[in-house]
Amino acid sequence: MPQYNKLQVEAIFGGTVIDHIPAQVGLKLLSLFKWLHTKERITMGLNLPSNQQKKKDLIKLENVLLNEDQANQLSIYAPLATVNQIKNYIVIKKQKLKLPKIINGILSCPNENCISKVELKAADFIVKIKLNKIYLKCKYCERDFDHKIVTKI
């Protein structure tokens, strides 16, 4: 594979870079994690060339630092992503993601009869793996859902 020696997306002075997001997932992450509501600059690369994945998405959040729990919640949709903290254009911390045990306050339960729908609030989910697939169990209605059908609030 050829080496790519030119930045496809402009570097940031400080903040967070989320790299190795599967292609076509970057916009979903922006929406799910409500980063579109920040007043800080967001730079994205979609369908960028990648040696590991053929194509990838990339998100750069200027002046935004994710804590470990926030970063690990990304692994539901981007398990191979890395989260890099940047300071003065230099990576000061690189985090490989781990699947969290619980996801709080981000996603909405797909069950129309769930009490979280009546209260118009985000549900809390317990993360489970069955047959190498990720499922989310709603803490309110106790139903399991494939992670791909659980949506933002």
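Just so you know, glycine gets a Cβ as well, placed from its N, Cα and C.
Features as listed in Swiss-Prot:
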- Cys109, Cys114, Cys138, Cys141: Zn(2+) binding site (BINDING)
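Sequence features annotated in Swiss-Prot and their locations in the structure.
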residue: Cys109; record: Zn(2+) binding site; Cβ neighbours (10 Å): 26
residue: Cys114; record: Zn(2+) binding site; Cβ neighbours (10 Å): 18
residue: Cys138; record: Zn(2+) binding site; Cβ neighbours (10 Å): 22
residue: Cys141; record: Zn(2+) binding site; Cβ neighbours (10 Å): 17
Zn(2+) site shell beyond Cys109, Cys114, Cys138, Cys141, criterion: Cβ within 8 Å of Cβ centroid: Pro110, Asn111, Asn113, Ile115, Ser116, Lys117, Ala123, Lys139, Tyr140, Glu142, Arg143
In three-state DSSP terms, the structure that Cys141 (Zn(2+) binding site) belongs to: coil
Three-state secondary structure, which DSSP defines for Cys114 (Zn(2+) binding site): coil
